[in-house]
Structures are given as structure tokens and as C-alpha cells.
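One structure is given here, and the rest of the page talks about it.
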Amino acid sequence: MEERPAKSEVNKAEQKVQKKSEKDRNGIIGGLVFGILLVFLAFQIYDKIFDFPIGQMLVYIIGFLAFICFMVSVSSFFDLKESKKMEKLEEEARIEEKEFSEIDPEKRALRAEKMFRMNQKELMRYYDMNLTQTKFLSVLGIIMVIFGILIVGVTLYMYTSFETDEILLVVGSLSGIAVDFIGAIFIKMYTKNIEAAVKFHAKFAESNNLLLANSIANKIEDGKIRESTLSDISKKIILSKNTME
């Protein structure tokens, strides 16, 4: 009876990883499909109304949106590679958790060493996940901000140099501001993620140090010294928790 829930949990975890990989695959396909559709739309506009300033502006904007779709597809490709890497790490974590549960409770030093190693791998897995989630946001945000400024600049240049319709000025300016706003949101998301990552890393690193101390303390053969050392570690944990709060 106890083995069935354990197998069920493993299957759920595997399904979760598969869903993440499937999501990345869908991102690749979706980015390519929408990018191609936008390129086709830009070509149609270029063929029919490119002689008008509004047509030129639409071609540039749609072309940039197509570029973003292709960038999303490329990003999803790298995310897929990271997902496979995470799948391997999670499989190793499940194996280590199983090995840890099979260690005799009387073997304190071995259990403490195993717990420390597991925490180290968890820390590395967190680093990989955080880098995967934030690196694309910063690049995309910067590109969109630069492109938004270029849209406004090109619009003003075309309006002043070619005496085009004011509609072009309004559409181009609003488009540039909208693109800049979206880019600023991506950059804001990136900075918030970094701030949260720094705080979480501090807690995680402190936990890792305490587990290392616990591993070393459990290797002490003298019972009194070992218990005294473990007591000091417990006080350190409480003090660290109160400081972070």
C-alpha cells in the first residue's frame, strides 16, 4: 500500500517535467508559426500600401513583431535544453532522496553528509532555474526599449522631412511609446526577479552552511562534544531566523 502512493508521486513529478518540456516545444513551434504569419502579413502590406508612409510604418512594426516571435522560438529552444537538464537533475534528486531514506538513522554522520550533498545540488538547480527564467527577459526588454525609441525617432524624421500626414506621427509615436512601455515591464520583471533571487540565495546559502556544520559535527566521535556542537548549531539556526525576519 505504501509503494503505490510513492509511485504515484514519481509519476506526477515525471508528468510535470514532461509538461515543461512540452511547453518549450510549443513555444518553439508557436514562435515559428506566428513569426512566419507576421512575415507574410508584412509582405502583403509591403506589396499593396508600402508607397504610403503608414504602410512603411506598419511594415517596420510588424517586422519587429515577427523578429520577437523568432526570438521567443530561439529562447524556447534553449529552454528546452535547460528543461532536459532539469529533468536529469530532478531524477538524480529523487534517487538521492530514496537513498537517504534507506540510510540507517543510527548512521548520523552518513545521513548528515548525504543531506549536505542534496542541499548543494538543490542550490545548483535553483541557480540554473533562475538564470533560465531571467536571462531572456533582460535581453528582450532592452531590445524593445531601443526599438521603441527608433520608432519614435524614425516617425519624427519622416514627418519633418517628407511632410507626411499627422496620422503617421500619431500612430508611430503611440506605437513607439507602447513598445517602450512593454520593454520597461520586461526590465522591471527582470530586476524584481534578481532582487528576489538575491534574498532567496542568502537564505539558501545560510542553510547550506548550517548543513555543512551539521555534517562536520556528526563526525565527532565524542558524544558530549558532538551534542554540544549540535546545540550551538541549533542556536545559530534560531538566531539566523530571527535576524532574517
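Cβ coordinates are placed from backbone N, Cα and C, and glycine is handled just like the others.
According to TrEMBL, the features are:
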DOMAIN    130-195  domain 'Cyanobacterial TRADD-N associated 2 transmembrane'
TRANSMEM  28-46  transmembrane segment
TRANSMEM  58-78  transmembrane segment
TRANSMEM  136-160  transmembrane segment
TRANSMEM  166-187  transmembrane segment
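Long-range Cβ contacts of the transmembrane segment (28-46) within its own chain (Cβ-Cβ under 8 Å, at least 6 residues beyond either end) map to 55, 58-59, 62-63, 65-67, 69-74, 76-77, 80. Each residue of the domain 'Cyanobacterial TRADD-N associated 2 transmembrane' (130-195) gets a DSSP state, and the totals for helix, strand and coil are 63 helix, 0 strand, 3 coil.
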